[in-house]
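So that you can see what the record holds, here are the features copied from Swiss-Prot:
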type: SIGNAL; residues: 1-15; note: signal peptide
type: TOPO_DOM; residues: 16-551; note: topological domain 'Extracellular'
type: CARBOHYD; residues: Asn40; note: N-linked glycosylation site
type: CARBOHYD; residues: Asn74; note: N-linked glycosylation site
type: DISULFID; residues: Cys75-Cys87; note: disulfide bond
type: DISULFID; residues: Cys109-Cys158; note: disulfide bond
type: CARBOHYD; residues: Asn160; note: N-linked glycosylation site
type: CARBOHYD; residues: Asn179; note: N-linked glycosylation site
type: CARBOHYD; residues: Asn246; note: N-linked glycosylation site
type: CARBOHYD; residues: Asn317; note: N-linked glycosylation site
type: CARBOHYD; residues: Asn346; note: N-linked glycosylation site
type: DISULFID; residues: Cys504-Cys508; note: disulfide bond
type: CARBOHYD; residues: Asn505; note: N-linked glycosylation site
type: CARBOHYD; residues: Asn531; note: N-linked glycosylation site
type: CARBOHYD; residues: Asn544; note: N-linked glycosylation site
type: TRANSMEM; residues: 552-572; note: transmembrane segment
type: TOPO_DOM; residues: 573-583; note: topological domain 'Cytoplasmic'
type: LIPID; residues: Cys579; note: S-palmitoyl cysteine
type: LIPID; residues: Cys582; note: S-palmitoyl cysteine
Amino acid sequence: MKAIIVLLMVVTSNADRICTGITSSNSPHVVKTATQGEVNVTGVIPLTTTPTKSHFANLKGTKTRGKLCPNCLNCTDLDVALARPKCMGTIPSAKASILHEVKPVTSGCFPIMHDRTKIRQLPNLLRGYENIKLSTRNVINAERAPGGPYIIGTSGSCPNVTNGNGFFATMAWAVPKDNKTATNPLTVEVPYICTKGEDQITVWGFHSDNAIQMVKLYGDSKPQKFTSSANGVTTHYVSQIGGFPNQTEDGGLPQSGRIVVDYMVQKPGKTGTIVYQRGVLLPQKVWCASGRSKVIKGSLPLIGEADCLHEKYGGLNKSKPYYTGEHAKAIGNCPIWVKTPLKLANGTKYRPPAKLLKERGFFGAIAGFLEGGWEGMIAGWHGYTSHGAHGVAVAADLKSTQEAINKITKNLNSLSELEVKNLQRLSGAMDELHNEILELDEKVDDLRADTISSQIELAVLLSNEGIINSEDEHLLALERKLKKMLGPSAVDIGNGCFETKHKCNQTCLDRIAAGTFNAGEFSLPTFDSLNITAASLNDDGLDNHTILLYYSTAASSLAVTLMIAIFIVYMVSRDNVSCSICL
């Protein structure tokens, strides 16, 4: 009997366990799926980040425009857009621009009534073009315009480069020279003079003052009427007579009068018209602008470079496809805003160790990824583990791993394509704006962002569902492959594990991973079949009757012993016999 017990122990100690699985981290992760809700998985790829505020920067790979004219000192962007005498410099080309002035006004030049027109949008309009250039010649001869002759007015509050009286180069202040009388509406045509098919931005306006000054300058104290028309857009104005504060809004020299400034955009070959009375500011030099430059609200100076410029966070370097936090407009290679953090599954469903101990025993629980990962392998790799007297061996199955990587890469690419499409959708409306400020309405933009966020979240849920199902399929395929290779040399004990009838060290496991495994190379003597061999009995003085007597005596004794044991167990179960054991 002792020999049989020893034999059973040897068989047990030589049995190794081989399991299929996926390497993972030491703790489960949670992902959301479309139909299963939250699922614990062995690995994840974070898709979102939460940025922190930083300074604005130059956009990588593009020229970024801060001020319209960096070399124009002490000039606002509106000064540059109106061509104030001391603010006429070169505007560099740029594919991205920073709207850095909250309330653009002129500095120390003739006071403008900003609220009467869309003049504040003029610098923003110019920022929206990649190339901007002021014409070298005037669009009309102001001195000989209808209602003239005129003298061109200047102002001491708008000094030129020699500190003499001056005025904006984009407009001519037409003051009647001799005929200072009231006039009926007059019309002047504004030709297209740009030479390279650019948009022509024509600036014009009118001056108004108190009644005394109106009579002195123009011979008429009544409100004057003005109209501009270009590309089917017509605008009407009536001047205000008097009532202006002495101190100007711009902080310049005290003025009793004000000017109203507007602009019109003329497409190639299109003529504009201006209908006017007294006090008109006739157009002179025009802006010729082409190309597109994306505009975003920000601040100066621009420090360093960044992948993305975000109105709330400044310069960002893109590390993830999506971000959470505060939503706002952004330009460049930017992550897309989503409401909640997103994770993409990178593994199978996680099974806790406690469950495995119950189902597979101690050795089964510690084998494979299910206990928290394999040492020495890259997270997410498919393969096999072997546990036995040799310790733990690990081997990767390259084909299965590559298939899983391809599946996850495909899902990431799909999400990336969705990201690009949504970015194009967001920026498309901005690119189409030509005559308006290049800003999307906040409410419309937020609504669109919410919709896109929901679409992305759904796409991630569906991707997680597909990845988890695909990973499970890969593991099942790996398990079937292992079972086929092991054949009768192993017993399937469930959950992707097999108990082998031979040792399986690192060499054995590498053969399995390579598909060249041969059980015969690693097998020990087995006890799968009962071998019966003939035996010869030698005559040692015992005859056949004596031998039969010994056997019958032993058999009878064994039978009696078993009957007594059965009787005692039966009586104990009926409570007819009590048994006490004392040491």
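Glycine is no exception: its Cβ is also placed from the backbone N, Cα and C atoms.
All chains included, 21 other C-beta atoms sit within 10 angstroms of the C-beta of Cys75 (disulfide bond). The two recorded residues, Asn74 (N-linked glycosylation site) and Cys87 (disulfide bond), show a Cα separation of 8 Å. A straight line from the CA of Cys109 (disulfide bond) to the CA of Asn179 (N-linked glycosylation site) spans 28 Å.
Residue environment of Asn346 (N-linked glycosylation site) contains 24 other Cβ atoms, counted within 10 Å of its Cβ in all protein chains. Listed in sequence order, Cys69, Cys72, Cys75, Asp79, Val80 are the same-chain residues at least 6 apart in sequence whose CB falls under 8 Å from the CB of Cys87 (disulfide bond). Summary: among the disulfide-bonded residues (Cys109, Cys158, Cys508), the fewest other C-beta atoms within 10 A of the C-beta are counted at Cys158. A strand conformation is recorded for Asn40 (N-linked glycosylation site) in the three-state DSSP classification. In the three-state DSSP scheme, Asn160 (N-linked glycosylation site) is classed as coil.
Within the model, the topological domain 'Extracellular' (16-551) shows a mean pLDDT value of 77, rounded to a whole number.
Each residue contributes its Cα atom, and for Asn160 (N-linked glycosylation site) and Asn179 (N-linked glycosylation site) those atoms are 28 Å apart. Here Asn346 (N-linked glycosylation site) is positioned 24 angstrom away from Asn317 (N-linked glycosylation site), judged by their C-alpha atoms. Ranking the glycosylation sites Asn40, Asn74, Asn179 by how many other Cβ atoms lie within 10 angstroms of each Cβ puts Asn74 at the bottom. Candidate recorded positions: Asn40, Asn346, Cys504, Asn505, Cys508. Nearest to Asn179 (N-linked glycosylation site) by Cα distance: Asn346. Cβ neighbour count for Asn160 (N-linked glycosylation site) (all protein chains, 10 Å cutoff from its Cβ): 15. Closest to Cys508 (disulfide bond) by Cα-Cα distance, out of the recorded positions Asn40, Cys158, Asn346, is Asn346.
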